[in-house]
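Chemist: Starting off with a structure, shown below.
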Amino acid sequence: MDSSDDEIACDEGDYKGAKDDNDLPHGLGKVKFSSGDEFIGAFEHGIKCGPGKFHFFDDSTLEGNYVDGELHGIGIYTNDDGSITKSTYCEGVMEGPSWEYDPEGNITFRGQYSEGVRCGLCFYYFPDGGSLIGNVNASGDLSADNIAYIYPDRTTALIGSFEEGDMITAKEANVTITGEKGEEISFPTVNSISPDPVYRLDVSTPHVISTRPLVPDPYESELVYAAPSKIPNAGEGLYAKCDVDQDTVMAFYNGVRLKQDEVENRDWSQNSNTISLTDDIAIDVPEEYVSTDNYCASLGHKVNHSFDPNCRYDIYQHPRFGFIKCVRTIRGVSEGDELTVHYTYEHNDGNKTREAEAPEWYKSQLKVFGVDRPAEILENMDEDYC
């Protein structure tokens, strides 16, 4: 977001535009620099003065108003992916309020800058609905002893010590946030805080699902419970504890992290609680952890399949489990309803399922479901529910 090169002589770049009697840029013009950057804007006797916009070689841009050659006031930096940083500048340096947005226009950061470094109370927003709130340190990092991770319900929190945004130790709290998302005016008011358990960053490995497998997630515990499924031969299922709206995160899907090649090369009987996380990594809940007597840190693996689901899988950046999947509603769900997702095993032309792409129980259900169902519905399921 550099706004330098404030004095521009004609021989410093390829300049096109109005000039003064001394052959300096004066009025509207455009300069192409040897770096590949380009500036279009207003000049006064060789100095940027007035509205202007940098077009950088990496396809990002920076626009705003220039005073005596320096960006002053609101400047808008647009990355090549469409994400935006809207900041206050003083003499070319970020100084004051700043906002950041993802390519879809959702806010991802709000806070303050001093001499180009983040300072004071800052708010970090994640696309899954969670957020981090706290005072950054002198380096602008979210490293302190009073940081709050806020769950999507904006009342359940984990408050404690964080290092560069990673949770070190934290306790469950009930909080009140003043102001809508993106417009909060202060650190959350803590209504109550539990003395235990203490939560820590606990990202799984290929061999360890959790160092504390019997410590449940406080947010998930308020929304769901496991009980025998109403679906025949499905074992346990997951049920809603209360009425919830569409697009509500209900449960988290943590597990050991395996390579996709390993998962794809083993028998389907070993993949009953396995889900893809990325193109390379899958999450798996091994058989010994299926029972809540042995593992209840997350319950997303309890959600069963349906061709008419009320939920879908989504990604989630969890303060304890790291990057995982979650279960999110696709319509309103009532208290006592069983949560279901579409497992999205690959299939083609109506009732025909690729033999190598789905377990037998799924192929049997698909044959039943496929009767009198338009082929295009089946073909589009993966796009609708994954």
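Glycine is no exception: its Cβ is also placed from the backbone N, Cα and C atoms.
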Chemist: If I go by Swiss-Prot, the feature region 'Disordered' sits on one of 1-21, 22-42, 43-63, 64-84. Which?
Modeler: 1-21
Chemist: Taking the mean position of the Cβ atoms of ALA234, GLY235, GLU236, ASN304, HIS305 as the S-adenosyl-L-methionine site, which residues outside that list, in the same chain, have a Cβ no more than 8 Å away, listed in sequence order?
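Modeler: Result: SER229, ILE231, GLY237, LYS302, VAL303.
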Chemist: Do me a favour and check the Cα-Cα span between THR274 (site 'Histone H3K4 binding') and TYR253 (site 'Histone H3K4 binding'); whole Å is fine.
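Modeler: Computed Cα spacing between THR274 (site 'Histone H3K4 binding') and TYR253 (site 'Histone H3K4 binding') is 10 Å.
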Chemist: Near the Cβ of ASN304 (S-adenosyl-L-methionine binding site), how many other Cβ atoms are there if near means within 10 Å?
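Modeler: There are 18 of them.
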Chemist: Just to be sure I understand: of GLY235, GLU236, ASN304, HIS305, which binding-site residues have a C-alpha no more than 10 angstroms from the C-alpha of TYR343 (site 'Histone H3K4 binding')?
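Modeler: So the list reads ASN304, HIS305.
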Chemist: Based on Cβ atoms within 10 Å, give me the single least packed residue among the recorded sites TYR253, TYR343.
Modeler: TYR343
Chemist: By a simple count of other Cβ atoms within 10 Å, which of HIS305, LYS325, the recorded positions in the record, is least packed?
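Modeler: Each of the recorded positions HIS305, LYS325 was scored by Cβ atoms within 10 Å; lowest is HIS305.
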Chemist: Same-chain residues six or more away whose CB lies under 8 A from the CB of GLU236 (S-adenosyl-L-methionine binding site)?
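Modeler: Same-chain residues close to GLU236 (S-adenosyl-L-methionine binding site) (Cβ under 8 Å, separated by 6 or more) are ALA226, ALA227, PRO228, SER229, LYS302.
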